[in-house]
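Visitor: Before anything else, here's the structure in question.
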């Protein structure tokens, strides 16, 4: 029993009584040895709703809960310190901003220059326009002007300002732009910082010359597509490093345009124009748009053949 003292055989009865009297009653505490434990605020168990079940949820006594709570508190302090050490810098925070586009769907493998952080407008331009054959005169003239702007701006910037370009150049109506006066050109230069005066004057002068091309070839589209026999050039490159900045065909078109008086139409600008207008298909062979542009070309050829047959029968 607790508090009992084992007696050896032959012990003195009086000593036995003294020892028994000195022993405390079961369940009692010795005077002077009693200690009162006051709750320590630092080790007080968490309040309801904030308690960590993984820390002391199964504790069966106050002392064990105190120990469990202290462990949980220590773990929390470690977590806070760890979070402070790995807080992203300003550049990292910008990379995690919700405004940044998410990673493109794995179902659509794009050209490698389209990344998870590419501007959404740029991704849409790649998916819907770039490399798709264009046969409309106004659309072709728009892409020519935008390609000329690449000498000063990037595609993402140009696409963000596309609405402003359309307002400045009357929705890329070449007949309207051809009528721009000197006063109008100066006004455009002073009211917009998108393009230099040289590029604005080049766009106006080229619009006037396109009228002559239309008179000679029937349309600006016919003129452009005559250089490739009305069929897109398909390169089928596998890697970005294989895509050129110009080509012999671009140099030929550039030379002819310059002889006609066109301005800002160097081989590099013309090749960018050819890529955007689908005159050349420079989507990587692994990109989902590579075959899509091919199918678009075949559909256009079939439509053109049917139209020619109908005209012949008529």
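Glycine is no exception: its Cβ is also placed from the backbone N, Cα and C atoms.
These came from TrEMBL, pasted as-is:
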| type | residues | note |
| --- | --- | --- |
| BINDING | 111, 126, 283, 287 | Zn(2+) binding site |
| COMPBIAS | 52-63 | compositional bias 'Low complexity' |
| COMPBIAS | 81-98 | compositional bias 'Low complexity' |
| REGION | 1-105 | region 'Disordered' |
Visitor: Beyond 111, 126, 283, 287, what residues of that chain have CB atoms within 8 A of the centre of the Zn(2+) site's CB atoms?
Guide: 110, 113, 114, 130, 131, 284, 288, 289, 290
Visitor: Let's check the environment of residue 287 (Zn(2+) binding site): how many other CB atoms sit within 10 Å of its CB?
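Guide: Summing over all protein chains shown, residue 287 (Zn(2+) binding site) has 22 other Cβ atoms within 10 Å.
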Visitor: Mind telling me which of the binding-site residues 126, 283 has the densest Cβ neighbourhood, counting other Cβ atoms within 10 Å?
Guide: 283
Visitor: Any same-chain residues 6+ apart from residue 111 (Zn(2+) binding site) with CB under 8 Å of its CB? Would you list them in sequence order, or say none?
Guide: 126, 240, 283, 284, 287, 289
